[in-house]
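Working notes, beginning with the structure itself.
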Amino acid sequence: TQSKQSGIGGCLFFVLGIVLDILLFPILSVELKTKAPGAKTFLQIIYTRYGKPAHVVFCCIALFANIVTITALLVAGKSAISVLTKDASDEFIAFVLAVLFGSYCFLGGLGTTFYISYFNTAITFVGLIAIVVSIAYTDNINESMSKYVSIDAMYDAMSCIKSTEGNYEDSLLTFRTRSGAIYGLSLFFMATSLSFIDQANWQSRIAAKPVQGVIGFFIAAIMFFCLPATIALPATLTYASMAYENGTHLLSQNEIVNGFITPFVLEKIMGSTGAYLLITSITMALMSTGSGEVMAVSSIVVYDIYKVYINPFRRLLTPTSCILCGLQKVGGKHEVCSCPTSAECIDCSKDLKRKSKTRDFAVQYTCPVHGDYRHYEDLLMHHKSWCIVWVTISVIPYALVVYASNINLTWVIFFMQGTISPFAIPLLLAIIWSRCTSPGVITGCVVGLIGCIAANFVVTEVVYEGGLSNFFINTIQDYSLLAGCVAGISLSSVCTIVTSLLTNKIKTEEDVAHEWDKTISINNPLNPWQRLYEEELAQFPPGTKPTAAIMGQIFRSARNVAVYGGLSFVFLFLVVVPAVVLSFGVLTREQFSSYLTFSYVICFLAAVFVVIAPPTEEMYQIVKTWKSSRNTEIQKEKVPKTELSRL
């Protein structure tokens, strides 16, 4: 849609908005690992620091973010399936998408989904490369369509079509587009906010160790940079060439805003082959993303609602109380918990051996310290499995409601994501700022949301013809979106900071350390986070209690990579790339050809990396682990010999 309205500049600024969002997340991820290495969700940090009121607010926000993403997936899925399959009913599409979303949630949890996501991504990139090669470098297309897909045909068609107001010389062949730049800026605000708030992003992105995770973000940003220009832009230009030759649009305005252009063009120029390739790529993307959202919703329902409010294991006095004994885990004037971890418990070892030999769910644990809680955790896992089933089933009626409302994809992506923008700064401050308080984040979220919606509606009514009566069109115009995002983010930031400064009780450095001790105490006694970082913690004297300062030393290299690497890439994509492309006016035929060729080359390199790098890295880790275990066995064998020599 952006390529059609603003030309190649709209496509580029759309990409830059997403890329900058990807580059900023590593910094937040490292901060979370430093302040709360045991946290699996951002909601755990909110609950531990602020208690139930703020936790309830952010649970609602997190669920809303999941609903926004699921809605976008449902609408996008329908757009592709409707074009590529004839006479597909809404009920059939809803059922297929629900099956895709819930397909591999039961295949072993989050760890297994990483492996399946690799295959999905690899298949997707292979399909994209096949499409690019078929269109740009072979004659494997319909003869009647060959005149539309050449670079010369696309360039001629774009040269004859005038853009919307705001493009340089009213051309679609320029990067100087006011509308595209505004949309790109708005999308950056919205995508960043959704990344921060969506639990599906957190559960996968913080699973990796900090250094590997940071480097992965940088690679993802580079890979994403090439995708829209590789597929969406050529498809849009080919459609423009076809429409120009035909003398009228081949799709309705509603079909265009719902994303029908790419599947329509590929089906036309490649026939059934193009349809199969695209539907395969879309299926893989929907399966991976949709299943993540289903698991995120299930996790919030079970672990942040059921576990905390409906059926808690123990009615805790404070969020920092030990789940096993009820005593405080954070030091102070009160008695502090001294419960041993399960790794040090002999009874737990016996229980785990007994459980491994039976398939009985209701195995009786004998450990007097951890046994009851281990049974409670098994019960939660059982509930989560059923919750995944019911969330998957509920996708079907929700999809039918969405389809009946005729909501278009562009409105879902821009307006609904725009309403999430006020929540990003309060969450960010809750993770990195010790003086941030519960009244601060609640006030910031509420006032920011009101301001975001009000600003969007005011600009929509005043600036655009038809005002709010043309709701689904005018509320996603460039100035409406920008006004909503800027107002929401500004108000939420100011209210959070001012309210926190007025209500916080931080007076000394000891108070700051005590505040972060709360988040450091987030842990699962059955699987403590210290196990994951045994190698890093070994550099400190035995018995050293981990603090935020110590974790900061451990993750110093990761933070440096995230900050300096992130700033370097941000400078590249925010300053260098725009400066270079904006130096051109209307592109010549040679410049236009070079731009597309450059995008194709980056896409080829990304595909090679996606297919080869993950299994190579996995094999390296397997060999490294095998060597480490072998060395340990050798050391154990040497001990008896040494003792005999002493005798």
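Glycine is treated like the rest: Cβ placed from N, Cα and C.
Just so you know, TrEMBL annotations never went through curation; they're auto-generated.
Among the features that TrEMBL reports, transmembrane segment is placed at 12-32 (among others).
Remote same-chain residues near the transmembrane segment (53-77) are listed as 42-43, 46-47, 93-94, 96-97, 100-101, 194, 197-200, 258-259, 282, 286, 289-290, 293, 296-297, 300, 304-305, 308, 395, 398-399, 402-403, 407-409, 412-413, 416-417, 420, 423, 427, 430, 438, 441-442, 445 (criterion: CB distance under 8 Å, separation of at least six residues from the stretch ends). Taken from TrEMBL, the feature transmembrane segment covers 53-77 (among others).
Annotation source TrEMBL lists transmembrane segment at 92-111 (among others).
Taken from TrEMBL, the feature transmembrane segment covers 118-137 (among others).
Per TrEMBL, the feature transmembrane segment maps to 181-202 (among others).
Distant neighbours of the transmembrane segment (214-237): 3-4, 8, 11-12, 14-15, 18-19, 22-23, 25-26, 29-30, 128, 131-132, 135-136, 149, 154, 157-158, 205, 208, 261-262, 265-266, 558, 561-562, 565-566, 569, 573, 595-596, 599-600, 602-603, 606, 609-610; these residues of the same chain sit at least 6 beyond its ends, with a Cβ under 8 Å from one of its Cβ atoms. Residues or ranges marked as transmembrane segment by TrEMBL: 214-237 (among others).
The transmembrane segment annotation in TrEMBL covers 386-405 (among others). With a cut-off of 8 Å between Cβ atoms, the residues of this chain six or more beyond the transmembrane segment (386-405) that come close are 70-71, 74-75, 78, 90-91, 93-95, 97-98, 101-102, 105-106, 294-295, 297-298, 301-302.
The transmembrane segment annotation in TrEMBL covers 411-433 (among others). Tertiary neighbourhood of the transmembrane segment (411-433): same-chain residues 28, 31-32, 35-36, 42, 45-46, 49-50, 54, 58, 61, 64-65, 68, 71-72, 75, 183, 186-187, 189-194, 196-197, 257, 440-441, 444-445, 447-449, 451-453, 456, 472, 475-476, 481, 484-485, 488-489, 491-493, 496-497, 500, selected by CB-CB distance under 8 Å and a gap of 6+ residues from either end.
Annotated transmembrane segment per TrEMBL: 440-459 (among others), in sequence order.
Long-range contacts of the transmembrane segment (479-502) within the same chain, counting only residues at least 6 positions beyond its ends with a Cβ under 8 Å from a Cβ of the stretch, are 182-183, 185-186, 189-190, 414-415, 418-419, 421-426, 429, 433, 435-437, 439-441, 443-445, 447-456, 458-460, 463-464. The transmembrane segment feature in TrEMBL is assigned to 479-502 (among others).
Marked as transmembrane segment by TrEMBL: 561-586 (among others). Packing against the transmembrane segment (561-586) from elsewhere in the chain are residues 9, 12, 16, 19-20, 23-24, 26-27, 29-30, 168-169, 171, 173-176, 210-211, 214-215, 218, 221, 225: each is 6 or more residues past its ends and has a CB under 8 Å from a CB in it.
Summarising the annotation, TrEMBL assigns transmembrane segment to 592-612 (among others).
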- prompt: Cβ under 8 Å to the transmembrane segment (118-137), counting only same-chain residues 6 or more beyond its ends: which ones?
  reply: 149, 227, 230-231, 234, 266, 269-270, 273-274, 277-278, 280-281, 284-285, 287-288, 596, 600, 603-604, 606-607, 610-611, 614-615
